[in-house]
Amino acid sequence: MAKFIFVTGGVVSGLGKGITASSIGALLKASGLKVFMQKFDPYLNVDPGTMSPYQHGEVFVTKDGGETDLDLGHYERFIDEELTKLSSTTSGKIYLSVIKGERKGDTSGKTIQVVPHITDAIKNKVYQAAKQSQADVIISEIGGTVGDIESQPFIEAIRQIRLEQGKENVMFVHVVLLLWLAASKEYKTKPIQNSVKAMASLGIQPDVIVCRSDSSSPKDIKEKISLFCNVPITNIIDAIDQDSIYRVPLALAKQNLQDIIIEQLQLKANAIDLTSWKQFNKKIDSSSQEIEISFVGKYIELQDAYLSVLESLKIAGWEFNKKIKIRWIQAETLNESNYNEILKNSQGILVPGGFGKRGIEGMMLASRYARDNDIPYLGICLGMQIATISIARDLLNWTDADSTEFNKNTTHPIFDYIKGIDRDNIGGTLRLGTMVTKLEKDSLVSKLYNSDVALERHRHRYEFNNKYKKDLESVGLRFSGIYEEKNLVEVIEMPSLKFFVASQFHPEFTSRPNKPTPLFKGFIKAIIENNK
């Protein structure tokens with residue numbers, strides 16, 4: 001039978017509940033336990049797929065095509081497991097399923113209420129995750145902050161799960177902010193006390209309190225929190241600011257958080273083995289020389305919009321003992337008169353995914369600069385599309401070459417809507433999830449993957465128009481990755497250049513500590529070799 005850990009947050013949002021939950025998962029996995037993780041978001045969107053990156057940040061795609069919260073990227077990277085749609089649930093998804101059931105007559109004419117119908121649906125998601133994953137431990141993060149009106153059904157649901165399963169099977173971890181007042185030079189615990197009281201008023205007593213701060217809390221402060229919050233002092237854990245999120249598991253392990261959990265939940269675990277985490281942290285420590293990458297995107301004002309791309313770059317850099325320095329370039333600012341000057345010191349150029357017309361002309365100029373100057377280039381999703389269109393415009397002189405996403409009247413639609421995709425609804429209608437890409441023999445990408453196939457995740461609704469394949473091949477473009485089932489182009493490269501590679505899929509979703517995705521590893525290696 002699975003055990004359950006629920007991670008909640010108090011005082012303020014944005015404390016790093018996701019990193020805390022991920023670190024707990026990493027510690028339990030390092031103790032020989034099978035872990036499954038999930039996130040409950042209180043917002044009423046069915047999923048984040050239609051939300052603006054400026055509102056939500058990155059949409060992380062699971063192997064089965066779930067469009068999910070960016071915290072799932074942290075979960076997968078920390079526990080090195082592929083999660084599923086079951087790992088992401090929103091209030092919108094819960095309410096929609098309950099209302100659909102009522103409309104179909106599944107509720108036998110009963111009055112539909114938050115308790116029990118909504119709370120039962122939430123509990124079913126937790127129990128379903130336990131049944132399908134067959135994990136030893138299910139770790140569920142509750143989004144938002146205790147006291148938020150939107151979170152109350154989730155808090156009530158996990159209270160009921162504790163009642164149903166017992167304290168030896170359910171654990172509550174509460175992440176809070178420990179305030180430091182610089183003026184009076186003292187810590188203030190009252191916000192923590194009030195947060196725990198708010199939890200208690202909803203029927204939940206935290207078993208562990210994780211205190212976020214920029215330094216370790218003194219013993220007397222821990223004693224005070226312990227006394228007023230009714231939590232043993234051994235279960236008051238410091239989570240201080242780190243220069244890398246990948247140091248957090250080791251920091252929590254030093255405070256024996258895994259032992260506290262294993263003891264309360266009566267888990268049969270092995271002695272913890274943190275060898276891989278220690279080795280990874282040594283790579284971080286030994287990385288000194290910087291590599292500067294020009295990151296040409298359209299959502300750069302909110303870096304969380306590209307979270308997995310950034311983490312993938314860091315992980316690949318550390319593999320070569322290099323630090324990654326990002327030079328953020330808003331694609332809209334690039335034009336014919338300034339792009340050479342702005343991009344002239346680029347060691348590598350990356351154009352990530354995105355939707356819509358804004359900024360694409362600047363992205364094409366970045367792609368052109370990489371081609372003309374033989375600078376390592378990596379394009380992802382939209383970054384592949386604009387690279388291909390740019391080649392059609394510059395090398396075939398098709399000046400109006402475009403995607404029908406940007407220009408429905410183009411006479412050279414290099415990219416067009418995927419056949420069979422719903423054109424009327426944008427939610428959940430993209431090509432999503434892991435697909436098998438067949439890699440051409442002796443291509444650069446096949447050498448990077450050391451395989452004739454790549455398993456990567458997708459999120460797009462436009463595809464390359466095979467009508468123009470021979471024309472583009474005639475000017476040196478190689479179509480080196482194909483989804484054979486539907487003959488869709490997945491990877492392009494320019495063999496005449498040192499590293500000019502772009503993929504329709506998103507390789508950033510499969511990067512892991514100590515295991516960088518081949519495209520990112522190859523990109524960083526090419527930059528290093530190009531700058532010797």
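Using N, Cα and C of the backbone, Cβ positions are placed for all residues, glycine too.
Going by what Swiss-Prot states, the CTP site holds D148, I149, E150, K188, T189, K190, P191, I192, Q193, K224, and the candidate of S13, S22, S367 recorded there is S13.
For the L-glutamine site that Swiss-Prot gives as Y54, G354, L382, G383, M384, Q385, R461, the extra residue drawn from E332, E405, E440 is E405. Of the residues D71, D80, D106, Swiss-Prot places D71 in the same ATP site as G14, L15, G16, K17, G18, I19. Other residues of the same chain near the ATP site, with their Cβ within 8 Å of the Cβ centroid of G14, L15, G16, K17, G18, I19, D71, are G9, T20, A21, E141, V175. Spread of the UTP binding residues is 23 Å (greatest Cα-Cα distance among S13, K188, T189, K190, P191, I192, Q193, K224). The binding-site residues I149, M384 differ in how many other CB atoms lie within 10 Å of their CB, and the one with the most is M384. Pairwise Cα distances among Y54, G354, L382, G383, M384, Q385, E405, R461, which the record gives as the binders of L-glutamine, peak at 22 Å. Listed in sequence order, P352, G353, G354, R459, H460, S503, Q504, F505, H506 are the same-chain residues six or more apart from C381 (active site, nucleophile) with CB atoms under 8 A from its CB.
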